[in-house]
Amino acid sequence: MKLAMIGFGQAGGKIVDRFLDYDDRTNSGIVRAAIAVNTAKADLIGLDNIPQENRVLIGQARVKGHGVGADNELGAEVAEEDIDEVQNAIDAIPTHEVDAFLVVAGMGGGSGSGGAPVLAKHLKRIYTIPVYGLGVLPGTDEGGIYTLNAARSFQTFVREVDNLLVFDNDSWRQTGESVEGGYDQINEEIVRRFGVLFGAGEVGDGQEVAESVVDSSEIINTLSGGGVSTVGYASEEVELNTGGGLLSRFTGNADGTDGLDAANTTNRITSLVRKAALGRLTLPCEIDGAERALLVLSGPTEYLNRKGIERGRKWLEEETGSMEVRGGDFPRNEPEVSAAILLSGVTNVPRIKRLQQVAIEAQDNMEDIQAESQDNLETLVEDDEDELEPLF
Ligand SMILES: Nc1nc2c(ncn2[C@@H]2O[C@H](COP(=O)(O)OP(=O)(O)OP(=O)(O)O)[C@@H](O)[C@H]2O)c(=O)[nH]1
Ligand SMILES: [Mg+2]
């Protein structure tokens, strides 16, 4: 499907920038337009692929291009004040050719975590196409302010978007490596997983049309109903058939006939599906209880078959307990077969529960502070009343 991607803040901008690179490399055609919004000028300059005219610096009057320093309330205020500047950039893109918006942001900082929910709300008021979020959770070693920002922003973001796709930096840190050092690899992982998924609905002219190709409406239906989503992925190298269709004659592909090679193909698919669902998810969680799921099998057509996808889909239905599991192929001429699984409306997510707890505690503290200042105010007013003669 075709997306208008808007990266908010540094992480958001870098990830959208990387999506453009992915699009170029793989010809996936998912990025119809790419915009970066930030309060920090240096971050915008540092991008490689997003066109200059699509880099929007906001909040200049307030922070003079220096960023909001992880103050997410300031991030939200600045986004509200300068939303017209963001809209000007969006006005210049052909939104009628776009299937959905994807607003991308790191939830731990100030600009993206404060601004992305504001932008999502604005887009939903104006456009009828879905507005999805891609939210990146900070590593737990980044410190309290990042966790607190994420806890607050997450709640708002998930409410404003049609679905919030989540990637948790914390679970993707390589051992012995700081998250910082690993961002390149992490960002590559992000664009690969979400790229395959959104790319599935975008089979171009001249590409082979498979048995049961996934289309955009299936992605949209899986994401509809809101909530939080996570993505699983697994792949295996295969030999690319360069012999002009010879291999497919032996594998007896799509019809699921029972030659030995067809059985291999089916088995490869079912085990990839299990690996993808039970391996590391972009947001680790129990897959049991997911409301909807979409299975995308990609690879050369001779390595895809309906029987494998059907089995994978059934297995996912059992594991998730969901009655809404869709599945299909994404034919690609690359020397690997991969399974990408979108699990939408997941509920059993320990990381989110912890974040909600943090948000509640912060809220309680806020209430205490507010109650206290209310008391102070009342005492002040009372004191005033004691001192001053009533005017009327
Ligand atoms: N996956 C990924 N996460 C990143 C990257 N850069 C930063 N982050 C994460 O995103 C969070 C927010 O950081 P930034 O995006 O730099 O913050 P910002 O939105 O620019 O806000 P301010 O800098 O406070 O104005 C951090 O806490 C990190 O967890 C990146 O390149 N990739
Ligand atoms: Mg920044």
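Along the chain as shown, the residues are counted starting at 1.
Yeah, the Cβs are placed from backbone N, Cα and C, and that goes for glycine too.
So that you can see what the record holds, here are the features copied from TrEMBL:
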- Q10, A11, G12, G13, K14, G110, S111, G112, E142, N169, N187: GTP binding site (BINDING)
- 380-392: compositional bias 'Acidic residues' (COMPBIAS)
- 2-195: domain 'Tubulin/FtsZ GTPase' (DOMAIN)
- 372-392: region 'Disordered' (REGION)
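Over all protein chains present, the Cβ of G12 (GTP binding site) has 31 other Cβ atoms lying within 10 Å.
The most densely surrounded of the binding-site residues Q10, S111, N187 is S111 (count of other Cβ atoms within 10 A of its Cβ). In the structure as shown, the Cβ atom of E142 (GTP binding site) sits within 10 Å of 20 other Cβ atoms.
Of the residues the record lists as binding GTP, namely Q10, A11, G12, G13, K14, G110, S111, G112, E142, N169, N187, the two whose Cα atoms sit farthest apart are 20 Å from each other. Over the domain 'Tubulin/FtsZ GTPase' (2-195) the predicted model carries a mean pLDDT of 94. Less than 6 Å separates the Cβ from ligand 2 in the case of Q10, drawn from the binding-site residues Q10, G12, K14, E142, N187 in sequence order. The secondary structure of E142 (GTP binding site), as reduced to three states from DSSP, is helical. Taken residue by residue with DSSP, K14 (GTP binding site) is part of a helix.
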